[in-house]
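Peer 1: Just lifted these from TrEMBL, have a look:
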| type | residues | note |
| --- | --- | --- |
| REPEAT | 3-62 | repeat 'RCC1' |
| DOMAIN | 4-309 | domain 'RCC1-like' |
| REPEAT | 63-131 | repeat 'RCC1' |
| REPEAT | 132-189 | repeat 'RCC1' |
| REPEAT | 190-243 | repeat 'RCC1' |
| REPEAT | 244-301 | repeat 'RCC1' |
| REPEAT | 343-393 | repeat 'RCC1' |
């Protein structure tokens, strides 16, 4: 069955892929407060989507990659270094050429590559192939900030380049995740690799040193923990083990690691190595998600736990969702979204950006059904800081 993509929220850089939206409101922003069909992706049979702060991406069922949104001149975040006729495009570049309002194919640099996943950071994009290889492109390093590309240098890459893991080309990857300035990769054997900015301990290497190429997170190897899923927030990372336990590391000034403590968090609080989230120790967690300064987890019963933003210093169960079986969670900057086993989407949090999809800009304290998608069977959701994407049948 063919799929469709819907977008809503604030997309001043074209993240919504809705070129017909006009600026509105007191802040004069591009905003869509209810789910709207991304017509440019109709017929493309999208498999998955990913959201960054200012750009977004999708993979199709036949393994191709599309990107749209802000095209950072310094690093080619979208991978659209050539806007000429030689590059197959789905539409055209909009505005002054710095923004792509229509999704474009990323072809050069991915010849012969069948993509299974894509991730978006603040100034970089990553692609995982069906053979377990990783490709990245975007901005390089700058004064005080390391490159998140993992290519061994601080140079920018305007087209996809392959990331090498260790001394062997036999290392294969099962999942990738992008933070604002770092990346995490999960090996098929359950090992975790990190690279990019080491600020706030987000690489889990026992310090704050930057890494220009992937290095394994030694903690998991030393204690024999096999990881099956990863997630990244702006400046922190999460990992889920094969026995359903959750580990976190990186910045913790908003209690985004869920480790407990007082409500008056230290602005410099961080964990330089992975730590287990104790309050989830008796739960069998099957899915994790991370946002700007908060995170969520879903257990095998479909129950949801959330923490962070200085509201909850440790995981708190969402009782309002107990009548629903949640299978996926997503975190924005100040809002949350969950997907149920029957394809329904619920959102809550601050609504001033329209990212909740309820047709207004109100704050919703409790999970509320996104009515604009009730006629569709949603299969995946992704949250940017101020917008949301959904793939539906």
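Residue positions begin at 1 at the first shown residue.
Every residue gets a Cβ built from N, Cα and C, even glycine.
Since the structure is predicted, the reported quantities are computational estimates derived from the model, not experimental observations.
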Peer 1: Please list the DSSP helix, strand and coil residue counts for the repeat 'RCC1' (244-301).
Peer 2: 3 helix, 25 strand, 30 coil
Peer 1: Can you tell me how the residues of the repeat 'RCC1' (190-243) break down into helix, strand and coil by DSSP?
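Peer 2: Within the repeat 'RCC1' (190-243) the tally stands at 9 helix, 23 strand, 22 coil.
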Peer 1: DSSP says what for the repeat 'RCC1' (132-189): how many helix, strand, coil residues?
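Peer 2: Within the repeat 'RCC1' (132-189) the tally stands at 0 helix, 26 strand, 32 coil.
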